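**Student:** Please read through the structure below; I'll follow up with questions.
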Amino acid sequence: MISINMTIENAEWGDEKILYTITEKALIATIDRLSLTQVTSELSLLFTNNMRMAQINTQWRNKNKPTNVLSFPAFPLKAGQNPGPMLGDIVLARETIVYEAEEEGKSFHDHLTHMIVHGILHLLGYDHETDDEAYQMEELEKEILQKIAIKNPYTELL
């Protein structure tokens, strides 16, 4: 079992129980798909705003701007490896996720779930630096999200 620790820095995120439920659903679907249900680990999430995300992005990636999600693995993993006792940290920026959801015609909760799945996959060693890696990661995301009744996030709006 992977335990979830959450820090909510911004009241605009709303109800902590709803955020926990979304996170738990994303985590369970991801670990089920990757056959990691027997793993014991810990996941931390920071729900913050664009200003704080820009600070973190500058500090760790030298990019002075907010982004939707950042992942910080506790231990470097290759895709398919079992995680250690601490999976890592995921940071989410509310304003960016709200903006993207509106621009892409998605519900906020569906897009947030996608960003959490995306972050978890990064912590588990998946990446999108090459076309092959991006394809593999996107396919996993689509499969995981489909299991929890969320449409393909990569479908273009017409």
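Keep in mind that glycine also has a Cβ here, set from the backbone N, Cα and C atoms.
Quick caveat, the model's predicted, so the values are computed rather than measured.
Annotation source Swiss-Prot lists Zn(2+) binding site at His118, His122, His128, citing sequence analysis.
Mind mapping these onto the model and telling me what they sit next to?
**Tutor:** Cβ neighbours within 10 Å of His128 (Zn(2+) binding site), excluding its own Cβ and spanning all shown chains: 16.
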**Student:** Between the binding-site residues His118, His122, whose Cβ has more other Cβ atoms within 10 Å than any of the rest?
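**Tutor:** The largest 10 Å Cβ neighbour count belongs to His118.
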**Student:** I need the neighbours of the Zn(2+) site defined by His118, His122, His128. Which other residues of that chain put their C-beta within 8 angstroms of the C-beta centroid, in sequence order?
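**Tutor:** Here the non-site neighbours turn out to be Val69, Ser71, Gly119, Leu121, Tyr126, Asp127, Met137, Glu141.
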**Student:** Quick one: what's DSSP say for His122 (Zn(2+) binding site), helix, strand or coil?
**Tutor:** helix
